[in-house]
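Per TrEMBL, these features apply:
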- 136, 137, 164, 165, 166, 167, 249, 252, 274, 314, 342: pyridoxal 5'-phosphate binding site (BINDING)
- 275: N6-(pyridoxal phosphate)lysine (MOD_RES)
Ligand SMILES: *Cc1c(COP(=O)(O)O)cnc(C)c1O
């Protein structure tokens, strides 16, 4: 078994790191600084208005640290949307099969493949291992329909103790759907009492404890509440060695951290694209099925393809025979064979616009800046204070290998509303989680070191520090 990853060395900062000039110097040296201008940053004024307003009319942008919930709109989106609308209005149904010169979009029939190919680079997959379809929770259900096949002896699903409600409900209902009792078949993996981070060793030992009757493990790549990034490779390998199928919910990991889903041998994964992916509220989602599960074997005859059982629809069928309407299902090899419906082209358009921004750089570059940006946030938050004097605690791991762009700040009881109000008044958008947590997520594509500096100033002022 592989050893869990070593913690990364902490960054060190000079004494003048607490000055605004230092933050500005980091921005000036930032190789990704031009990307901010590829996004529309809401203005402070916009945030207060109750009318439909044009964005950014007032010159003062807000500080948007909520990309873990909904990423900002790329400027490319309206251009792509216009191309989509013009295609539909000018050639109608022909848009399904015709590539138009000057359009950034392929014919609608190939749009999901266009998006899947680009997305595969963000998650470390082969293009055929990624499908762009549906929404996260629906895709999770479809994946569980194929990968969760409980027997009398192997029926448990292991998941995290504070799973995002939708994941929890999906798993609970799948277990009931198979006529089983969630009290017996659902195992929650949690940290020790009073803790928020689950050590890899603890996860591995819980896997061992349930190895004989566990069918499937589903964990979040990054836990939405604590911000912990799990060691996907080590956990996957360990669970698979115990005969457990391994799926990952990458809602908070997609477009945030580097992933190598193929090399890590993950069985399946699902994610949404509207958080760090910037594809727009409720946008079309992605899924990964390892190539070993996507094979279609015709050795028993052209009419008898052998493939992994799944819930099917016509868009999972081979494009060459999709419109033959002969009702003989031949799946596309790979993740594409798990598609069900004709995907929404408008939805794919927004996703392709967002992916066009990611295409101009790489996850390696994005992650490099992200580690620095979040490290700087952590440094400023802790600087000049002690564990005892601080009215808050960072519950996200301090090891950059064990977190993404988000820090979760657990406030002393009773402070949340006052802090949230002060941040709102200062034009800072971040996420509050009752009872006591503020989640702060500087997104490397559009946030700056100076914004981090300004946030910490306002945050400490709100706490009278
Ligand atoms: C954001 C998020 C979801 C949202 O699911 P939808 O199906 O897109 O509504 C589900 N699970 C996790 C872990 C999330 O972070």
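Any Cβ shown, glycine's included, is placed from N, Cα and C.
TrEMBL: automatically predicted annotations, no manual curation.
Projection of TrEMBL feature records onto the structure.
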residue	record	DSSP class
136	pyridoxal 5'-phosphate binding site	helix
164	pyridoxal 5'-phosphate binding site	coil
249	pyridoxal 5'-phosphate binding site	strand
274	pyridoxal 5'-phosphate binding site	coil
342	pyridoxal 5'-phosphate binding site	coil
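Residues from the binding-site residues list (136, 164, 249, 274) with a C-beta closer than 6 Å to any atom of ligand 1: 136, 164, 249.
Residue 164 (pyridoxal 5'-phosphate binding site) sits 14 Å from residue 275 (N6-(pyridoxal phosphate)lysine), counting Cα to Cα. Around the Cβ of residue 136 (pyridoxal 5'-phosphate binding site), the same chain contributes 166, 249, 251, 270, 271, 272, 285, each under 8 angstroms and 6 or more positions distant in sequence. Of all Cβ atoms in the shown protein chains, 16 besides its own fall within 10 Å of the Cβ of residue 166 (pyridoxal 5'-phosphate binding site). Other C-beta atoms found within 10 angstroms of the C-beta of residue 274 (pyridoxal 5'-phosphate binding site) number 24, with every protein chain shown included. Here the recorded positions are 164, 275, and the one with the most other Cβ atoms within 10 Å of its Cβ is 275. Sequence-distant neighbours of residue 342 (pyridoxal 5'-phosphate binding site) (same chain, six or more apart, CB under 8 Å from its CB) are 314, 315, listed in sequence order. In this entry, pyridoxal 5'-phosphate is bound by 136, 137, 164, 165, 166, 167, 249, 252, 274, 314, 342, whose most widely separated C-alpha atoms sit 31 angstrom apart.
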